Amino acid sequence: MVFSGIVEEMGDVVSLTHDKEMTMWDGSVGRGTELVVDGPVAATGAYIGCSIAVNGVCLTATALEIDDRAQRFSLGLSPETLRRTNLGELVEGAKVNLERSLAADGRNSGHYVQGHVDGTGTVQKTWVEGDSLWVEIAAPPDLLACIVPKGYIAVDGTSLTVCDVTDESFTLMLIEHTQKCIVLPLRDIGDAVNLEVDVIAKYARRSVGDFEALSKRVADLEAKLDKLAA
């Protein structure tokens with residue numbers, strides 16, 4: 001159950017309901033958030049329990065309404081999802097990127113996307129060069145540490161190539177085709193976007209961090225031994 005970051009369609013938000021009563025595993029009632037989306041492509045072959053990426057967030061379909069008039073599916077949003085992503089800011093009629101989970105024998109024209117959003121960035125600036133659209137996005141330091149020029153990143157679930165990276169932001173360039181297929185060009189300056197950095201970069205950073213911590217401990221021990229020897 002992974003995604004490629006190649007957006008299949010832009011769906012429409014039908015509703016976002018907070019504090020909806022939900023029946024828990026033991027029969028008790030809790031309150032949660034439910035998102036309903038209309039997306040004919042994503043609804044094709046969908047079933048209750050399947051995974052659909054909405055703006056890059058891997059969500060589980062909890063109900064389906066597929067007939068001649070609608071191709072809607074409902075999705076539950078956990079508190080962690082609301083904290084980490086921009087989905088809680090959605091309004092009725094908003095466009096969202098949709099992608100079904102990748103088939104085992106499917107081609108991956110993007111990169112390995114888990115649908116596990118690391119956090120949000122902020123659109124800082126956009127400008128046009130020829131028929132391409134540049135976008136600059138500010139990101140938290142812990143995410144920027146995993147972003148490199150010409151590396152992969154998923155922005156609202158779209159697999160994109162990083163152009164440049166600074167201490168505070170990174171840039172992307174969208175070709176003419178991509179501009180018309182995803183929600184990023186519709187964002188205003190200051191809008192939040194979901195970011196998922198390359199999982200390989202996260203593992204590499206964790207390994208380097210552990211090595212740096214071990215090196216510091218060894219250096220501290222050597223300093224203590226030198227002091228005792230003296």
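Backbone N, Cα and C define each Cβ position, glycine as well.
Per TrEMBL, the feature domain 'Lumazine-binding' maps to 2-111 (among others).
Over the domain 'Lumazine-binding' (112-208) the predicted model carries a mean pLDDT of 95. What TrEMBL lists as domain 'Lumazine-binding' is 112-208 (among others).
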| field | Residue counts (helix, strand, coil, in that order) that DSSP gives for the domain 'Lumazine-binding' (112-208) | value | 21 helix, 43 strand, 33 coil
